[in-house]
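Peer 1: In case it's useful when we look at the structure, here is the feature table from TrEMBL:
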- 39-61: transmembrane segment (TRANSMEM)
- 73-92: transmembrane segment (TRANSMEM)
- 98-115: transmembrane segment (TRANSMEM)
- 147-165: transmembrane segment (TRANSMEM)
- 177-195: transmembrane segment (TRANSMEM)
- 224-242: transmembrane segment (TRANSMEM)
- 254-274: transmembrane segment (TRANSMEM)
- 319-340: transmembrane segment (TRANSMEM)
- 374-394: transmembrane segment (TRANSMEM)
- 406-427: transmembrane segment (TRANSMEM)
- 489-510: transmembrane segment (TRANSMEM)
- 517-537: transmembrane segment (TRANSMEM)
Amino acid sequence: MSVECLKFDLTMTASVSKEQYRLEQEAFVSNHEGTTPQAVIFTLLPTIFSIILAATTVEVLKKYIYTHKNMRVVVEFMLTIIPTILCCTILSEYIGSVCVIIILVSILNMSLVLLKKSNDLSLNITAEYLNKQPGTDKIPFITNFRALTNIITAICILAVDFHIFPRKFAKTEVFGYSLMDTGVGLFILANALVAPEVRDFSAYRQVSFLQTLTRNMSKCFRSCIPLLILGFGRFAVVEYIGYQKHITEYGVHWNFFITLAIVKLFTSMITSTISSKYSLLSGIWILCMHEYIMNTKDLKTLVLRDEPRDDFFSANREGLISIPGYVGLYFVGVAIGRFIHSTYHLHATSSINFNIKLSLFKVKGYYVGPLSLLNFKLFMISALIYFAILFCNFKISRRLANAGYCLWIVALTTALLSFLVFIQFLLELLNIISWPSDRGNVWIRYKMKMSKNLPVNLKKHVKSEKEENIEDVYRKSLEIFDAVNYNSLFFFLISNIMTGIVNMLMYTLYAKQSVALLILIIYMAVNILSVLILYRLKIPIKL
């Protein structure tokens, strides 16, 4: 690609007025019918499989990576972010082939690692190591899920402005399934999975209702004010630069940040009144009432009908009327989070011993524990909800955030979590197999981690290992994923700012395919680098 070609794309359209181009953009992102739910799930699979590809590649290249600190990040970016960009754009019709290639390369990487190991390695370990990362309460597959949600959303909000982004992935106008429609729903659930209520298993209130309400509302207002500022700031910037406004998405003045703030406000009020152990019932009740009122009070017709937007309510009817749906979805997400934590941690201390015998590629062993159990449960929940959606013929509408849409988001979330649990399970097993073949050191390491009564000399040995910063061979979550989660809302804000800058500098509709791909890769590199620097410096940006 020549420099002249890039300049042409950046400076083209001198003959096209800003207003004319804005109308072209709005037409480009409007009136789409979406795709099938299977296509949406299928599109996300390469990103999930790329986690194990990146982890195994890092192990193969560990001699180079451990001597060059930033090489790991480069490998992770090339093997997770770039394939995701390609699968959302020019390779969207070849997802199956991409998945096969990723799986085959991952198997090849694992084979190369195993060839370096002892021909006969036998380990006795407890199930605890396989289920909980030492020294942290983070659950790796939830970290991966939240990061993937942010990354895919960030890619889509800029990619949709280019022709290389398939229109079937763009937001639907009324009813239907699409990749971009899942963004706000997955974001709500990603926040719910790590909400404080998820870890609250106390039987009784620790303080009075009034104290709880005051405390929650105080925290809520402090966190909502920045979101509201971002929301109204985004509206002002969009008006100023003349960026396209897909009015039927949220309304005239409304946007994602305002929705997030209002949902947070309502959920804080409700959790002050109702115990989090009733979150599933609360969520179902809110969704049922939302569906009932929309169908009996003509709210559905009001939102979907093409009527004038001459006051604040009518101008922002999509944003306002969808709020109860997102509130209900949040509480269902809290229930899923509580279910995951109870299953994951309840059995995490169980002492299930097993042997792994490695003779070249022959691995013999068995494992029945929380990851296997959780994987099965999440898969069954996803399958049951998905069949319920098909059997009951629910109409899916992101504009309404109706019961059908919320069920679809729950089914998609549990399906993705099920895949990610399986990926974590594989990485845990690979961690065990890939320890150095010095059996004595391996045995001491594991026994020291599991034993409660250690001799003094072994305790010193544990301390020295911590000082050496010994890590698992395979990280349970990638560093760039940890960085995105560390400042997730800031990452999304940077993505919005970068999207605005790109649209100010060029007319994206006229960009060539090669230029569009280059811009998307640079855009994601800047976004990732921004949060990676903050993550390494341990600087959280509270929004």
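From the backbone N, Cα and C atoms, a Cβ is placed for every residue, glycine too.
In TrEMBL, annotation is done automatically, which means it is predicted and not curated.
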Peer 1: Under 8 Å, at least three CB pairs between the transmembrane segment (224-242) and the transmembrane segment (177-195) (pairs 6 or more apart)?
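Peer 2: Between the transmembrane segment (177-195) and the transmembrane segment (224-242), which are separate recorded stretches, there is no contact, as judged by 3 or more close Cβ pairs.
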Peer 1: Using a Cβ cut-off of under 8 Å, list the residues of the same chain at least 6 residues beyond the transmembrane segment (319-340) that approach it.
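Peer 2: Residues 139, 142, 184-185, 188-189, 191-195, 197-198, 201, 250-251, 254-255, 258-259, 262-263, 266-267, 270, 276-277, 279-280, 282-287, 289-290, 294, 299, 302-303, 313, 374, 377-378, 398-403, 405-406, 409-410, 413-414, 417 contact the transmembrane segment (319-340) from elsewhere in the chain.
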Peer 1: Are there residues at least six beyond either end of the transmembrane segment (374-394) with Cβ under 8 Å to its Cβ atoms? List them, or say none.
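Peer 2: Cβ under 8 Å, 6 or more out: 37, 339-340, 343-344, 402-404, 407-408, 410-412, 414-415, 417-418, 421-422, 425.
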Peer 1: Counting Cβ pairs under 8 Å to the transmembrane segment (517-537), which of 39-61, 73-92, 98-115 comes out on top?
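Peer 2: That would be 73-92.
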Peer 1: Cβ pairs under 8 Å only, please: of the recorded stretches 73-92, 147-165, 406-427, 489-510, which one is richest in them relative to the transmembrane segment (98-115)?
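Peer 2: Answer, by Cβ pair count: 73-92.
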